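S.K.: Heads up, here are the entries from TrEMBL:
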BINDING   A:Ala12, A:Asp13, A:Cys14, A:His15, A:Ala16, A:Ser60, A:Ser61, A:Leu62, A:Asn92, A:Leu93, A:Val94, A:Val95, A:Gly96  adenosylcob(III)alamin binding site
DOMAIN    A:2-137  domain 'B12-binding'
Amino acid sequence: MGKTVVLGVIGADCHAVGNKILERAFTDAGFNVVNIGVMCSQEEFINAAIETNADAILVSSLYGHGEIDCRGLREKCDEAGLKNILLYAGGNLVVGKQEWSEVEKRFKEMGFNRVYPPGTSPEVGIKDLKHDLGIED
Amino acid sequence: MDAALLIDFGSTYTKLTAVDLENEEILATAKDLTTVNTDIMIGFNKAFEKLKEKIDISKVNFVEKLACSSAAGGLKMIAIGLVPELTAEAAKRAALGAGARILGVYSYELTKHEIEEIIEKKPDIILLAGGTDGGNKDCILHNTKLIAEYIHDVPVVVAGNKNAQDEIDAIFNDAHIYHKITENVMPRLNQINVEPARKVIREIFMEKIVEAKGMKKAEEFIGGILMPTPAAVLKAARILADGTDKEEGIGELVVVDIGGATTDVHSIASGEPSKAGVTLRGLQEPYAKRTVEGDLGMRVSAMSLFEAAGTRKIKKFIPDTKYDIEQRCKFLQQNVNFVPEKQEDIDFDEALAMVATDMAMERHVGFIESVYTPMGIIYSQVGKDLLNVKYLIGTGGVIVHSKNPKKILSAGKFNSETPNYLKPMDPEILVDKEYIMSAMGLLAEKYPDKAVRIMKKYIVKA
Ligand code: B12
């Protein structure tokens with residue numbers, strides 16, 4: 001049976017185009033995609049992951065407030081019993097041009113398993129997710 | 001003349017409605033106290049005697065005798081799900097739409113303490129949900145095992161993760177638990193599917209609950225007790241809005257039903273955002289939605305209404321009253337059979353009814369939130385947008401008997417002081433003058449076209 005991923009755009013962020021493209025790409029790659037859409041709170045990601053027994057949560061943030069919006073998500077997942085669920089983040093996570101390695105480090109410290117710089121194609125995420133979930137291509 | 005006898009075994013009164021099926025007219029109505037503790041037929045017969053005084057019984061042939069009931073506490077249910085905002089909420093909505101009184105809603109894995117609490121509450125039916133199809137199974141299986149171990153005599157409706165059904169079935173079979181399995185109340189995230197569960201709840205109501213409540217005897221005389229009273233009202237509302245194959249409905253509507261203990265609101269409307277650029281959030285809403293406010297009522301719940309609303313809010317609807325608001329509410333709660341006659345007492349009751357309408361509508365309708373961004377405001381909506389609903393219909397004693405039903409019901413309209421609540425903007429206000437909605441829900445089971453036409457005739461402009 002296909003693995004389930006929860007997909008959404010976090011915070012007060014309404015950029016909807018990338019979200020649709022990601023839904024399509026991950027579905028075509030064989031994942032059962034639960035797309036909660038734009039403007040989602042951390043709680044909505046978590047509740048969706050609980051009910052659907054998801055294997056990973058894919059967070060997008062495009063509008064620059066990603067760091068604030070994503071803070072505490074890992075801790076809340078732990079609290080909610082989503083032990084070791086994979087957390088990925090991508091989009092335009094921070095404002096302006098910042099040193100990527102620094103940004104990546106900060107998100108990893110927040111408990112994200114994978115963090116992607118602006119313009120990353122969905123295929124990169126798909127490949128990593130298959131690897132992390134032990135799915136053969 | 002062929003007629004139908006429609007019976008509502010209510011918590012206080014047994015109400016009869018006789019309908020001329022050929023001319024599609026209400027022949028007469030009559031009521032007497034419900035006698036469920038001794039013999040349900042005593043109260044029925046008394047009411048029937050009164051009915052016979054009003055019509056020439058020798059000319060009437062009752063070809064149809066149908067009943068609904070909210071006697072003996074109504075249909076009492078417990079709803080269980082996984083996440084409070086998701087499957088637990090979906091289960092609650094399914095049960096409410098089946099006409100149930102919700103004794104409790106539980107989420108996540110049940111504890112032994114909660115199991116004891118459930119047993120103490122003495123539910124008639126448990127609705128067990130949890131997990132989307134293919135989603136979480138652990139929680140619903142845990143709860144199944146606890147129920148199988150500790151709760152033996154309560155029928156269970158299973159409406160959770162499809163992939164857990166076989167295991168649940170086996171566990172309940174082993175434990176000899178009466179259960180029925182139906183479609184998931186939330187098959188996919190945020191997608192609601194309440195009708196199959198509602199149907200199964202009604203089946204169990206007819207098969208088991210009627211008998212358990214000592215009303216089996218009534219079924220010897222009447223065709224059957226088909227559904228709980230609130231389900232009949234919802235059914236009537238739905239068929240009046242949608243119409244039938246042959247008879248056109250009147251379109252989207254809201255029904256407000258104010259009683260002594262609760263205020264029910266039924267909306268038959270899609271509830272989609274009426275304005276462009278609004279994102280809809282959260283669990284999908286049922287097209288036919290019922291909410292029940294257990295703290296808003298004219299008598300038994302007068303004090304809880306006071307506590308929920310407060311003096312200032314009630315005063316807004318009755319600024320010149322000589323009564324102390326709190327004292328008066330206390331009095332009404334202690335005198336549940338009080339019938340107002342003096343103008344000042346009527347006015348006070350109507351003010352309470354307006355508060356109940358206002359608050360019950362506020363809790364029923366959707367809510368819009370604005371998010372400020374550098375490029376302006378973005379709106380997100382949770383719940384049903386009822387701004388453009390065409391009709392607001394009132395039923396229930398205080399509205400039906402009032403000289404000012406329009407004034408009472410207007411309290412349920414959109415209010416520019418609280419513009420975030422998506423209440424009907426400019427609905428036409430109708431009133432169920434003859435108090436026939438539950439009867440018409442019953443009639444609709446066999447004669448849907450007639451039920452629609454009769455309601456169009458008797459539910460009139462306020
Ligand atoms: C269209 C657009 C809008 C539209 C959005 C319409 C809509 N509802 O979708 C509107 C006009 C509403 C808008 C508003 C705003 N926008 Co704007 N917007 C854009 C724009 C031009 C294109 C976005 C787009 O659709 N891209 C195409 C999709 C396919 O790409 P994508 O979103 O990046 O997603 C892909 C990848 O990022 C990746 N990806 C994304 N998430 C993830 C996650 C994982 C795990 C993985 C593996 C991959 C991945 O895969 C996706 C699919 O290929 C961008 C600039 C740009 N060229 O990117 C700015 C941009 C995103 N917006 C920006 C800003 C600042 C705003 C506003 C705050 C103010 C403003 N300047 O208007 C508001 C915010 C409103 C809000 N509350 O969200 C900034 C963000 C700056 C930052 N982060 O540092 C950008 C980058 C423009 C800029 N250079 O200043 N915007």
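Cβ coordinates are placed from backbone N, Cα and C, and glycine is handled just like the others.
Automated prediction, rather than curation, is the source of TrEMBL annotations.
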S.K.: Which binding-site residues (A:Ala12, A:Cys14, A:Ala16, A:Ser61, A:Val94, A:Gly96) come close to chain B, taking a Cβ gap under 8 Å as close?
M.R.: A:Ala12, A:Cys14
S.K.: Report the mean pLDDT of the predicted model across the domain 'B12-binding' (A:2-137), rounded to a whole number.
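M.R.: Summarising the domain 'B12-binding' (A:2-137) by its mean pLDDT gives 94.
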S.K.: DSSP on the domain 'B12-binding' (A:2-137): how many residues come out helix, how many strand, how many coil?
M.R.: 56 helix, 32 strand, 48 coil
S.K.: For a quick check of understanding: among the binding-site residues A:Ser61, A:Asn92, which residue's Cβ has the most other Cβ atoms within 10 Å?
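M.R.: Compared across A:Ser61, A:Asn92, the most Cβ atoms within 10 Å surround A:Ser61.
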S.K.: Given a separation of at least six residues and a C-beta threshold under 8 Å, show me what packs close to A:Cys14 (adenosylcob(III)alamin binding site) in the same chain.
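M.R.: In sequence order, the residues whose Cβ lies under 8 Å from that of A:Cys14 (adenosylcob(III)alamin binding site) (at least 6 apart) are A:Val38, A:Met39, A:Tyr63.
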S.K.: Counting other Cβ atoms within 10 Å of each Cβ, which of the binding-site residues A:Ala12, A:Ala16, A:Val94 scores lowest?
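M.R.: Candidates: the binding-site residues A:Ala12, A:Ala16, A:Val94. Fewest Cβ atoms within 10 Å: A:Ala16.
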S.K.: What whole-number distance in angstrom separates the two most remote CA atoms of the adenosylcob(III)alamin-binding residues A:Ala12, A:Asp13, A:Cys14, A:His15, A:Ala16, A:Ser60, A:Ser61, A:Leu62, A:Asn92, A:Leu93, A:Val94, A:Val95, A:Gly96?
M.R.: 20
